[in-house]
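J.: Quick one: the structure is below, questions incoming.
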Amino acid sequence: MASKFSSALLLISILMNIQLLASAGNFYRDVDITWGEGRGKIQEGGRGLALSLDKLSGSGFQSKNEFLFGRFDMQLKLVPGNSAGTVTTFFLSSQGTGHDEIDFEFLGNVSGQPYTVHTNVYTQGKGNKEQQFHLWFDPTAAFHTYSIVWNPHRIVFLVDNSPIRVFNNHESIGVPFPKSQAMKVYCSLWNADEWATQGGRVKTDWSVAPFTAYYRNINIDGCAVSSGTSSCKSTGSANNVKPWQTHELDGEGRNRLRWVQSRHMVYNYCADSKRFPQGFSEECKRSRF
């Protein structure tokens, strides 16, 4: 069974790369490098972007537009070798103390040890919804596609188009869900050795700096918001509905999710009774799908 799923995931990865090549955006057009004093560089005529980190500073960029719902795809090749202490990010966020946020964070490790993929969802400034994973491939050897699908019903985190996490809208039972604040795409490479690797026990080895992470083939298909007006028009016609707007897992997707979570999940806030002795959040008692 494991071999069957691994082969299927490899095929999905190849098909996803082909699809992104055909539909990818352009970093010159779609983003601004916002910090790093030259450590972020757009490459390949706008197809790629490199972020670097040294002892003085990391670097980062953000989308020019903000969005209220959409599908957001990014290919990344993470820092190779001893990446302990580094954090590479791809996330959505609004602004302010009561902000909403949907996170992919990639926590580096010493050579030979796996990256930790850290996911979280914030609503109105409150998070504590962490799930973490070790990937089934080397994320430093080649580009892989990381995706966030966000609609009013659910948030789906995908790796090479395979779901690793679903966060459903459970407002009906009192669980906040991010659906009212427009968010921009943010990406960064920075030092967080006080907590990022093995709880902060392993620090960044600056003798191997600079560290570099590579981004490629940004693809955003979402509802851009400008002056409070969304680019998505509600016409009531099924012909105008995009797949991400009604995205949910089918049987195959649920099987992939079970496989990933049973074999590759390393932390789940819904199972951490020491951290939450008062009991788990209400959504933990509901189906993950």
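Just so it is clear, glycine is given a Cβ too, placed from its N, Cα and C backbone atoms.
A TrEMBL annotation is a machine prediction, not a hand-curated record.
Annotation source TrEMBL lists active site, nucleophile at E101. Residues or ranges marked as active site, proton donor by TrEMBL: E105. According to TrEMBL, the feature domain 'GH16' maps to 1-215. The N-linked glycosylation site annotation in TrEMBL covers N109. According to TrEMBL, the signal peptide annotation covers 1-24.
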J.: Just to be sure I understand the packing, how many Cβ atoms besides its own are within 10 Å of the Cβ of N109 (N-linked glycosylation site)?
T.: 21
J.: For E101 (active site, nucleophile), list the number of other Cβ atoms lying within 10 Å of its Cβ atom.
T.: 18
J.: Taking the Cβ of E105 (active site, proton donor) as the centre, count every other Cβ atom within 10 Å, in any protein chain shown.
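T.: Result for E105 (active site, proton donor): 19 other Cβ atoms within 10 Å.
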J.: If you measure E101 (active site, nucleophile) to N109 (N-linked glycosylation site) at Cα, how many Å is it?
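T.: That comes out at 25 Å between the alpha carbons.
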